[in-house]
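Okay, structure first, notes after.
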Amino acid sequence: MAHPQRIVFAFYCILLVNIAAVCGLTSRGNFDDYQNEVYSDYAMDGNKKLRFPFLMPSVRPTTPELYLCTPIKVDPTTTYYIVGFEPNATMNTAHHMLLYGCGEPGTTKTTWNCGEMAKASSEETASPCGSHSHSQILYAWARDAPKLELPTGVGFKVGKGTQIKYMVLQVHYAHIDKFKDGSRDDSGVFLQYTEEPLTKLAGVLLMGTGGSIPPVATEHMESACEITEHKTIYPFAYRTHTHSLGKEVSGYRVRSNDRGIQEWTLLGKRDPLTPQMFYPVENKSPILFGDFVAARCTMKSFRHRVTEIGGTNEDEMCNFYLMYYVDHEEPLDMKYCFSQGPPSYYWANPDTGLHNIPHI
Ligand code: IYT
Ligand code: CU
Ligand code: CU
């Protein structure tokens, strides 16, 4: 079953990449006229803005709590700038969707069972991006969220000259009742993009921790990093992610004032059990060389066992994603800011470089 698909995939990639000028943004595994149509309109500044439908190829989920992935290969001869994401989904069908930028896709199939919680099932699974490849989240949708337009003039650079060679769409189908009658699904996102070079480039910094949460306890999972690159970072959106024990996730910019006292400026704070998509930051003021970024998850466990960081529902995660742009420079080389987490790492440890820590 997988074998013929792989051949078809490889064939169309070569074909479509070669005729990229007519194809637009990408080529994909399954050849489907609709998938390769490109719509165009004109943005206010006269720059050509194009639209690429990145949708599930008419799938029929048959197991509840399924995470399904589908890839597109970005034409490697062209640089594209993604400037907006228009969801094509409703909460009746899709629980949530994530769009990943990858160096390699997790498999060569047209669709596959992916996702952190998928491991429990006996079926073969693979992550959205290849296991040793570049991997970042570009967009997240949940609960009928409206379209996300990046700030004017800002785009994610993908394709030629970037680490993003593929994009992978992941859809979480929680309930499958509506598929019992044989109906199919094309949830996904319309990518708004341009080929006109943009100077403001978007990036995502992923903050999180390892560690564990003791039984029947409230625990703080904290991480922090100093910005050691001479860049001006304009934060504009954030996303939080935990599993079921998360009560609050917050992120801060930390800067020393002229008296050497650290001032903590809130970037975003929310209950991680609200829809896990990107929300506008509380404070748009830039992050500079020498500042710290810091994130904290407050976790509350009534379990009688230890909860570790890990990929399943029995485990936890503590993530704070910061989406930002830079102007006339490359996004941060620092893509991750992870700490060991509890019980070894806390902001208040003597060697973190942090003080004046906010109370909760
Ligand atoms: C251990 C952990 O915190 N995993 C997170 C963060 C993560 C994101 C990406 C780790 C890696 C990545 O390539 I992108 I390695 C995690 O799995 N977070 C989930 C996603 O499945 C991305 C989330 O919804 O934020
Ligand atoms: Cu979901
Ligand atoms: Cu998780």
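Keep in mind that glycine also has a Cβ here, set from the backbone N, Cα and C atoms.
All annotation found in TrEMBL is predicted automatically rather than curated by experts.
For His172 (Cu(2+) binding site), the same-chain residues lying six or more positions away in sequence with a CB closer than 8 A to its CB are Glu65, Leu66, Tyr67, Ala94, His95, His96, Met97, Gly115. Feature annotation from TrEMBL assigns Cu(2+) binding site to His95, His96, His172, His241, His243, Met317.
The disulfide bond annotation in TrEMBL covers Cys69-Cys114 (among others). Less than 8 angstroms from the CB of Cys114 (disulfide bond) sit Tyr67, Leu68, Cys69, Gly106, Thr125, Ala126, Ser127, Pro128, Val168, Gln170, each of them six or more residues away in the same chain. A coil conformation is recorded for Cys114 (disulfide bond) in the three-state DSSP classification, outside any helix or strand.
Sequence annotations record features per position, and here TrEMBL assigns disulfide bond to Cys102-Cys129 (among others). Within the same chain, the residues at least 6 positions away from Cys102 (disulfide bond) whose Cβ sits under 8 Å from its Cβ are Pro71, Pro128, Cys129, Gly130, Ser133, His134, Ser135, Ile164, Lys165, Tyr166, Met167, Val168, listed in sequence order.
A strand conformation is recorded for Cys337 (disulfide bond) in the three-state DSSP classification. Sequence-distant contacts of Cys337 (disulfide bond), defined by Cβ-Cβ distance under 8 angstroms and a gap of at least six in the same chain, are Leu205, Leu206, Met207, Gly208, Ser223, Ala224, Cys225, Val293, Ala295. As annotated by TrEMBL, disulfide bond applies to Cys225-Cys337 (among others).
Neighbours of Cys297 (disulfide bond), defined as other CB atoms within 10 A of its CB across all chains, total 29. Summarising the annotation, TrEMBL assigns disulfide bond to Cys297-Cys318 (among others).
What TrEMBL lists as domain 'Copper type II ascorbate-dependent monooxygenase N-terminal' is 54-179.
For 201-349, the entry in TrEMBL reads domain 'Copper type II ascorbate-dependent monooxygenase C-terminal'.
The annotation signal peptide is assigned in TrEMBL to 1-24.
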By Cβ count within 10 Å, point out the most packed of the recorded positions listed: Cys69, Cys129, Cys225, Met317, Cys318.
Cys318
How many whole Å apart are the CA atoms of His243 (Cu(2+) binding site) and Cys318 (disulfide bond)?
8
Looking only at His95, His241, His243, the binding-site residues on record, which one has the least crowded Cβ, with the fewest other Cβ atoms within 10 Å?
His95
Helix-strand-coil residue split for the domain 'Copper type II ascorbate-dependent monooxygenase C-terminal' (201-349), DSSP-based:
0 helix, 80 strand, 69 coil
Run through the Cβ atoms and count how many others sit within 10 Å of the one on His96 (Cu(2+) binding site).
20
Rounded to the nearest angstrom, how far is the Cα of His241 (Cu(2+) binding site) from the Cα of Cys318 (disulfide bond)?
6
